[in-house]
C-alpha cells in the first residue's frame, strides 16, 4: 500500500494556468478517508478549478493529483466514474428532465439497476424534500434544482462526494439536515469535500482548508484552528491569514505564508483520520469497486448509451419549438425557393417604339390568330411590325434588369419565329427552318433554370441544417454543464458524441425525405434517376453537416461564435458551389477552391443522377459520395484532435 492509498484525495504542489494567469500556485492538500473536508474561500480563488482537477476534467500544468489511490483519468483508477459523486457549482442538469428523470439518468450512467435506483430515489426524495416526480427541472426554483443536483451526486453511494457550493439558496433547517446526513455517510467510510464561501457553515467539518489566490493558507480541524489562533470565529482567522498573505506579498516573500501553512498542515496530519475504520470499509467494498472500475473502463457501454439516447430523445421531443423548427424549416425553405426563384417575369409593362411610316393602321389589327389584317383578303408583307405586335402579350415590360432583359429577349425571339411561321403558313409559302438544329441528349430546350438550382438548394439546406442543429445542441449541453457532469460520472466523450449523432442522423432522415417530396413530387418536377440514390446523396450531405457542426461546437465558446462561424461558411459556399451559376463560368483559381468545398461535387453528382439518370457505377456520381465521406471523416478527426488539445 502506498502513501496515497491512505488518503481519499492527495494533491501535491499542483500548478494550473489559463493562458498567462496562474490559478493554482503549487497547491498541496490531503483529504483523509472517512472525513468531511471543507474547502473555504471567496469566489474566484480557484476552488472550482481545483475540484475540476481532482475529478479529472482539468489537465494540470504541474504537480500530482491522486484520488482514491489512483491518478484521475488513468486506466483502473475509476475516476472519472462511479467511485465519485460530483455536484458542480452550476446545476448541470437537463431542463427538459423531470425530477425523476434526472435521478434515473445518472443512476443508469452509474450502472445501477432500476430497482436500486427506485429505492435510493425514495430515500433521497424524503431526505432532501425534492419536488414532485413529474415536475420539469426548468420549472423548479433555483433551490429545488440544487437539491435535485445534490441527490444526483448521492444516488449511487460513492466513495468520494465532491460538492461545490451545495447549500446555496437552501432553507436553514434543510441545510442542517444535509450536514447531518454528510456526517452519517462519513461514519460509513465515505469521504466528502465541500466548498463554500460561508465560512461558519463548515464548523461540522472534520477538517477545513482556507484558500486564497490559488494556495491554501491553512489546513486544520475547525476546533484546532480556533484554539491556535485564540479566536471565536473562523472568519476572524481567515481575515488574519489573508492579511499575513498580503504582508508577505509586499515584502517580496510570498512563499513564507505557504511554508507556514505547510507546517500547520503537517502538525495536524492524521489527527482526524480513522485508519482502522477506513481500512475495514475499503476492504468490504473492494470487490464492488473493482467491478465498477471494470465496467467503467469499457469504451462503449450499452447501459450508458441507452441512458444517453433516452436523454437526447427527451431533450428533443419536449422542446416543442425546436421540433417544429427542425421539421418545418426544410419544407418552408424549399417552398419559398420554388416560389420566388427561376420563374418567368409576369405582368411586366412593355413599351413599344415603332418608327415605321404606316403605324396609324396598327389599331386596325385584331388578334384573330393569323398574320393578316382583319379586313385583308389577300396575302401581302406590308406593316409587318404592326402585325407582329398582335403576337405580344400586353403588358410585358417597361424597364428591365439584366435577368428580365435576357428572358424578354428569349421570349421575343420565340414569338417572332412563331409569327414568321404563321405568316408563311397563311400565305401558303413553304417556310424553312434554321440551318442549325440542336438535339439535346439530356433535358429540353425550354426547361426552366430552376431545375439547375434545385440540387444545390437541397444539398446546402441539408448540410447547414445538420451543422446548425449539432452545434447548438452540443454547445447547450456543454454550457449547462451536462456534458462535463456526465463525463465525471463515467461517460466517455465518444459515447456522448455517438448518441448525439444517432439522434440527429435520425432527424436528418425526416428532413431529407421532406425536402425531396416537396421538390419533386409536390411541384412535379421530373427526374430521370433513382429517387433512393438522390435521397442518399442528400442524406450524406446532412451527415457531413452534422460532423461539421461537431467541429464548430468544439472550437466555439458559445452560441454566438458558433452562429458566426456557420454564417461565415454559408455565403462563400453558396456562391462557390454552383448554386446560381455553373462553376465553369468561374476563373480557374475560384473553380479549384469551389471543388474543394464539401458541397460542390455532391451537387454535381446529384444533378447527374436526377437529370441524366446516372447511377453509382459512374465516376461523376460516386465521386460526390467520396467527397462527402472525406469531409465527414475530416471534420470528425479535427474535432477529436481539438478536444484532446483543449484538455
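Placed from the backbone N, Cα and C atoms, the Cβ positions cover glycine too.
Marked as domain 'ABC transporter' by TrEMBL: 9-238.
Residues annotated as domain 'ABC transmembrane type-2' in TrEMBL: 417-646.
Sequence-distant contacts of the transmembrane segment (316-341), counting only residues of its own chain at least 6 positions beyond either end whose CB sits under 8 Å from a CB of the stretch, comprise 96, 136, 450, 453-454, 457-458, 461-462, 465, 469, 503, 507, 510-511, 514-515, 518-519, 523. Summarising the annotation, TrEMBL assigns transmembrane segment to 316-341 (among others).
As annotated by TrEMBL, transmembrane segment applies to 449-469 (among others).
Residues annotated as transmembrane segment in TrEMBL: 501-523 (among others). Counting same-chain residues at least six beyond the ends of the transmembrane segment (501-523), those with a Cβ under 8 angstroms from any Cβ of the stretch are 309, 312-313, 316, 326-327, 330-331, 334-335, 338, 454, 457-458, 461-462, 465-466, 469-470, 473, 531, 534-535, 538-539, 542-543, 546, 550, 610.
Positions annotated as transmembrane segment by TrEMBL: 529-553 (among others). A Cβ distance under 8 Å defines the sequence-distant neighbours of the transmembrane segment (529-553), meaning residues of its chain 6+ beyond its ends; these are 458-459, 462-471, 474-475, 478, 497, 500-501, 504-505, 508-509, 511-513, 515-516, 520, 562, 565-566, 569, 598-599, 602, 605-606, 608-616, 621, 624-625, 628-629, 631-636, 638-639, 642.
TrEMBL lists 560-581 (among others) with the feature transmembrane segment.
Residues or ranges marked as transmembrane segment by TrEMBL: 621-643 (among others).
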